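Trainee: Pasting the feature list from Swiss-Prot:
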- Glu269: active site, proton acceptor (ACT_SITE)
- Cys303: active site, nucleophile (ACT_SITE)
- 167-170, 193-196, 226-227, 246-247, 269-271, 349-353, 400-402: NAD(+) binding site (BINDING)
- Ser2: N-acetylserine (MOD_RES)
- Lys91: N6-acetyllysine (MOD_RES)
- Lys128: N6-acetyllysine (MOD_RES)
- Lys252: N6-acetyllysine (MOD_RES)
- Lys353: N6-acetyllysine (MOD_RES)
- Lys367: N6-acetyllysine (MOD_RES)
- Lys410: N6-acetyllysine (MOD_RES)
- Ser413: phosphoserine (MOD_RES)
- Lys419: N6-acetyllysine (MOD_RES)
- Lys435: N6-acetyllysine (MOD_RES)
- Lys495: N6-acetyllysine (MOD_RES)
- 336-501: region 'Mediates interaction with PRMT3' (REGION)
- Asn170: site 'Transition state stabilizer' (SITE)
Amino acid sequence: MSSPAQPEVPAPLANLKIQYTKIFINNEWHDSVSGKKFPVINPATEEVICHVEEGDKADIDKAVKAARQAFQIGSPWRTMDASERGRLLYKLADLMERDRLLLATLEATNGGKVFASSYLFDLGGCIKALKYCAGWADKVHGQTIPSDGDIFTYTRREPIGVCGQIIPWNFPLLMFIWKIGPALGCGNTVIVKPAEQTPLTALYMASLIKEAGFPPGVVNIVPGYGPTAGAAISSHMDIDKVAFTGSTQVGKLIKEAAGKSNLKRVTLELGGKSPCIVFADADLDTAVEFAHYGVFYHQGQCCVAASRLFVEESIYDEFVRRSVERAKKYVLGNPLNSGINQGPQIDKEQHDKILDLIESGKKEGAKLECGGGRWGNKGYFVQPTVFSNVTDDMRIAKEEIFGPVQQIMKFKSLDDVIKRANNTSYGLAAGVFTKDLDKAITVSSALQAGVVWVNCYMMLSAQCPFGGFKMSGNGRELGEHGIYEYTELKTVAIKISQKNS
């Protein structure tokens, strides 16, 4: 998320203490039913930060009962004024601002995110998104409809009910807010399962949710693993909607489970292999910088990463040269330290997967311009890597890498690059760089992607809908459309004695 004026970045909080490691149900802290816990790892040091209660189906069942009770007709939550729901969300945003330093430090420590980025963009984006949803709370309404006959007809936008929300590890706090903000603003109750790698900011948020004054059972947070806690949410017969951000592979399983259970509503924000097209008439400095930012931001762990870079033939060599020069300027290290540009990957599994894909690029004939291996001997660090002479059939050009790896491909014509850009099962995002307005509009209209950035990249804001085409997901988050994803539309028709226009 971007802002014209950013606050000064303080030093990270020293001597961070982990306060919350239990399951949060009914505004109270609980041990897991099984008694199990799981370790949370600092990816920069490979050391255990703490152990967290491991929720599974039994804990999800408890959370669903609490959420269903809170959603009962006549409950404090159901009878609360919509404007009061908005006030609670505004209050939560204020508490996040108060504890911004702690949350940013926790996010950087647990998720390997560069602290300055966490403080400015993650926390800044969270607070803006929460306030946006708060403002919508008393503006979600129906319409009156001039139906035929002596009938008075109107529509109602009603909350769906109990919503299961499964959060990824790459933007744990931001995705937490993207999920709960619209759900609560519309009057739903929620069960949140944070990623097992990054549960700590979600659990801290539970304490702020209670402090803000949300009634018991409205928000419940159950840390645990996908195949147990996540699967229990997807297949639960008393959950009305599931929202998931993560891989396409898991998204398919969630949609299948939703269909086999109670046909719950589903919102999915899944993987991507997003094309970024640079035409010869583009501002080269701008294009190089945004293309770099688009794939290297947060160690490449972004679903919208500009991971298929198409550069017009006449500027290809110069673009590659500048891109390599830019990548070599990166400083790797502990994300809490000042002057660091790149932190670690989230865990060993992701780290090893990235290195495997880098090796495939070397073997399949791409030219390794820089990087290409592990960095350091502690932590899950990968060198910033740039490949040139990449062809469309290589694994690095087809598979989602989710790491700091830029692959630069060459194109000759507009028609050719559009076909190549769309030749993927994904359709989350795309970028176009050109000074030609006609070309920009033509290409952005032709690209099969949920969001297209022109002469910029990864510029997100709470007011704009976000989501994917094809196998990059279903539904939208953020914006007016993202709000309505958490409502059911009801038509009410009333017989009257006489209708008058």
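Cβ from N, Cα, C; glycine included.
Keep in mind the model is a prediction, meaning the values are calculated, not measured.
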Trainee: Rounded to a whole number, how many Å is the Cα of Pro227 (NAD(+) binding site) away from the Cα of Lys128 (N6-acetyllysine)?
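Mentor: Here the two Cα atoms are 33 Å apart.
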Trainee: Tell me, how many other CB atoms lie within 10 A of the CB of Lys410 (N6-acetyllysine), whichever protein chain they belong to?
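Mentor: So the number of other Cβ atoms within 10 Å of Lys410 (N6-acetyllysine) is 20.
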Trainee: Given the modified residues Lys91, Lys252, Lys435, Lys495, which one is most crowded in terms of C-beta atoms within 10 angstroms?
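Mentor: Highest number of other Cβ atoms within 10 Å: Lys91.
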Trainee: In the predicted model, what is the mean pLDDT computed over the region 'Mediates interaction with PRMT3' (336-501)?
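Mentor: A mean pLDDT of 98 is what the predicted model shows over the region 'Mediates interaction with PRMT3' (336-501).
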Trainee: Lys495 (N6-acetyllysine) to Glu269 (active site, proton acceptor): how many Å between their Cα atoms?
Mentor: 42
Trainee: Check the Cα distances from Lys353 (N6-acetyllysine) to each of the recorded positions Ala195, Cys303, Ile401 and keep only the ones within 10 Å.
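Mentor: Within 10 Å of Lys353 (N6-acetyllysine): Ile401.
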Trainee: Which number gives the other C-beta atoms within 10 angstroms of the C-beta of Lys128 (N6-acetyllysine), all protein chains shown included?
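Mentor: Result for Lys128 (N6-acetyllysine): 17 other Cβ atoms within 10 Å.
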Trainee: Does Cys303 (active site, nucleophile) have same-chain partners at least 6 apart in sequence with Cβ under 8 Å from its own Cβ, and which are they?
Mentor: Asn170, Thr245, Glu269, Leu270, Gly271, Gly272, Leu428, Ser472
Trainee: Quick one: Cα separation, Lys419 (N6-acetyllysine) versus Asp352 (NAD(+) binding site), in Å?
Mentor: 32
